[in-house]
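Copied from TrEMBL, the annotated features are:
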| type | residues | note |
| --- | --- | --- |
| COILED | 316-347 | coiled coil |
| DOMAIN | 70-144 | domain 'PAS' |
| DOMAIN | 146-198 | domain 'PAC' |
| DOMAIN | 199-270 | domain 'PAS' |
| DOMAIN | 274-325 | domain 'PAC' |
| DOMAIN | 364-585 | domain 'Histidine kinase' |
| DOMAIN | 604-725 | domain 'Response regulatory' |
| DOMAIN | 757-876 | domain 'Response regulatory' |
| MOD_RES | ASP658 | 4-aspartylphosphate |
| MOD_RES | ASP806 | 4-aspartylphosphate |
| MOD_RES | HIS952 | phosphohistidine |
Amino acid sequence: MPSEQIRTKTVLKRSFAGLALLLLFTFLALFTQPLFFLTACAFAAILFWIYKHRRAVAELRRSQKRILENEKKLIDILNNLTHVVWSLSWPDMKTLFYISPSAESLYGLPLQSFHDNPDIYFSTVHPEDLKRFENVRQKLEEEGYINHSYRILHADGRVRWVSANCYLVKDEDGRAVRLDRIQTDITQQKEWEERLKASEMRFRVLEENSDTITQIIDLNGNATYVSSQVESILGYTPEEKTSMQDNLAMIHPDDLPAVRQAIGRVSTEPFAKDRISYRYRHKTGHWVWVETRGCNLLHDPVVSGIFLSIQDITARKEAEMELVRSREELEMTNHALEDVIGQAQEMALQAQMASIAKSEFLANMSHEIRTPMNGVIGMTDLLLDTQLDDEQRRYGETISSSAGALLGLINDILDFSKIEAGKLSLDMLDFDLERLVQELCLSMALRAQEKNIELVFDMAPEVPSRVQGDPGRLRQILTNLVGNAIKFTQNGEVSIHIGKLSGEDNHVGLHIAIRDTGIGIPEEKQHLLFEKFSQVESSTTRQYGGTGLGLAISRELVTLMGGEMGVESRKGEGSTFWFTLQLKLQDQAAWIPSLPPEGLKGISCLIVDDNATNREVLRIRMNLWGMRPAEAENGPKALQMLEEAVYNKDPFPIAVLDMQMPGMDGRELGRIIRARPALADIRLIMLSSLAQRGEAAELADIGFTGVLPKPVIHQDLQALCCMALGLKEEGLPSSGSILTRHTIRETLPSFAGSGYRILLVDDNSINRKVALGILSRLGLDADTAGDGAEALEMLEKESYDLVLMDVQMPVIDGLTATQKIRSWDASHINRSIPIIAMTAYAMQGDRERCLEAGMSDYLAKPVIPHALAEVLQKWLGNRSSHEGAGAGEMPSSPEHGVKVWNPETLEIMTMGDLELAAGIMDDFHAAIPLHLEKMQDFLKEGDFDGMKLEAHTLKGISAQVGAEALRDAACRMETICRNKNRDALSAAVAAVAQGVKDVQQYQGIPDANDF
């Protein structure tokens, strides 16, 4: 732009100079030449001047246009720059000639604000950087140019870093008249610099704390960087390890070729990696094993070299060499041990044979001991049922309890042997948890009463009672723990608490705790509790007795059941033994829930007991039955509540009284109630913890309707309430008598006059005599056989309803005899007859072997009368002589005496909806032929799994509609198919077919396809 202006001025000056010369010549010509010539010359000169002037003007206009275009381009460039361009007056810096628009984004201020206030330049500088500007001004005046960085404050408060290039523009006289400044935003650059510094700092810290040497070498192999760790590892300073030749000279000669090859591999290819181990001479002279990892980073702009990391692996190499030496020694030892292993194998075989012999010995000893024990216990029980005087009865009871204790000791020893052999197994049976614990408490009640100890049982309402597991083993655990609690408690109480831990799918987790107020156990001695043959103190053994096996066996059983056992105790403060269990829930189709009798609903009952826990337990239970219980803590309060109820015309029909209460006991309260005419109709039930001979007769004289021992079995209390209120056919007792637990149990079906024929098979005459005595007490007669062969002959000649079969017998044992009975060859024998095993064996798998052989059930010797009665009831049912097959009577299965069809089951399941019940029965009869057809196909194919599935399905639907005989037959078939017992399969199939026919014939349905 300045050159165009100079050129234009030059043209104008020349034009005006030419015009001046022409005017001068014209003026001179007027005085020296002729007029014409001079006039012509002047005119020509004027024309020439005009021509030249026009050319100069045109050139001037073109120059101005170019100037404007260049100015516009310059402005556009400045406006589009990200840099901020300033132009200010100097030295006052008060006049702003120009500022680029990018200042708005850098400062966050409108552009006009800079024109209005040029001082804004200084006001936006960070206060900490402003003090440096005096030095900047001084240097600028001295040198005319400066570049410096500083911080500015954005309008939103953010801090920005800028770099400024400042120039002073001088006039023709050399004076600085203008300041031109270009600002660049370098905030991001500063941030990256800070990050780089932090990264470098981290790298330095890691390097200084690392046990690895870091080294970077160039293409010539010389080190451009060596970390300080080289001194601690190799003894050299970083400056001493920069030369490649020096480094190679320190490598062990045997390792040098491999190192050179590794260097060649890494250096030839970008980003190549390698690793090598070698020996390097320490500065002190010894060799150091190092591992070097190399990476070619020559093309990396930051590293620009080969990166090496060198680690001291001397300890690892020494360990490897030691391992090699050890391996060589081990190989030598292995050769030496081969002979020892051979000897050990021979010894193991001998030990295995000894273990087998031990198991056989224990089994035989179990049989040999239990056989005479069966006679002792059985005959003692029969003796105690005869007329004896007090002294004779005391002797008999002593014999019975001693025999029971001896039997318990035998069982403990056998269990201990099974635990040692790892052969202790569990059954998986359906049982009622609440009933099991209640009956256990009842069996323990006498021992507690003798010591005046309260025995309390509490089961949380959310705990399911119908479960699957091993009830015998659970009873064994509880018997041991509760027995110990009673044994070591002199006064107070023993309580059993069952709570629910978890419930998932078809399993439930239980927490069972037995608490006592006994002597307690020191904390330092508690670890001895679960050790075999150990007790806390020797004095304990002398005072209380015991083998020290009970808790050890109990813990093993709990572990087998998927739980754990522990104890919490302090000396003198009692103990709490607890354990957890995982039990399966019963299949809902396999049992029918028992509903409380309708007659109890709405009945009010007064509970009188000084123990709040006992009152609460009874109140909760009666609420579940639909009754309206009320509570009184003593006799006077009870009398007041009874009279108020009569006054309010809502008398109590029944009252449950505790015998032992302070002040007025239950006996005295009963006398007062019976003495008041207004209360004469109340049925009184006594709960007594101190059962004494003659007590029932005394209570009957007072006017009590019934008496039950504590702890109370809730089912017995419910039945007694029903009988006392006349809700059962048995009705009220006759004058002078009283309802008891025995009365309730005697209402169970009796076998007297049923006509059942029993075959008893046992080679031991004492066992036969005991069993015949028990059967006689149950109202049954039996024929006897001395072995399996004799039993087969009798079964071919006579018709029997059930066989009691000993397992170990001469000629033909019980298992073989059962297999022959169940086989197809036994054409003249009822192949589906119930066979009950009676064995003195108690070892692993006895029950399973009996069932696999085709036996229907299992009883362990010595046979307990109650257990035998339950088994007979299960397989025979009840058919008394006075129960003729009257109109409307439920027909019984010819095999077992159970009902072919029980309509009450279906009525309960459908809640009395007859239409729904009819629909269910139609579906049942429609489904039966399909299941029989599938069962027939699976039988032909020999498919046990398919047969088992069909039997399970048939069991479920039969239980739902009340087809009890068919349900039992299907259940037996499912067990046989699970065990894949081909010999017993045919009899099971026949039993299922007969069960189907019985149901169809009873309901008038045409027969399904026969097998």
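Here the Cβ of each residue, glycine as well, is placed from N, Cα and C on the backbone.
Positions of the features from TrEMBL, shown on the structure.
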| residue | record | DSSP (3 states) |
| --- | --- | --- |
| ASP658 | 4-aspartylphosphate | strand |
| ASP806 | 4-aspartylphosphate | strand |
| HIS952 | phosphohistidine | helix |
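Within its own chain, the coiled coil (316-347) has Cβ neighbours under 8 Å at 277, 289, counting only residues six or more beyond its boundaries. Confidence annotation: the coiled coil (316-347) carries a mean pLDDT of 82 in the model.
The domain 'Histidine kinase' (364-585) and the domain 'Response regulatory' (604-725) are in contact, since at least 3 Cβ pairs between them lie under 8 Å (pairs 6 or more apart in sequence). Counting in whole angstrom, ASP806 (4-aspartylphosphate) lies 30 from HIS952 (phosphohistidine) by their C-alpha atoms. Secondary structure by DSSP for the domain 'PAS' (70-144): 41 helix, 11 strand, 23 coil. Within the same chain, residues at least six positions away from HIS952 (phosphohistidine) with a Cβ under 8 Å of its Cβ are ALA970, GLU974.
Sparsest Cβ environment among the modified residues ASP658, ASP806 (other Cβ atoms counted within 10 Å): ASP658.
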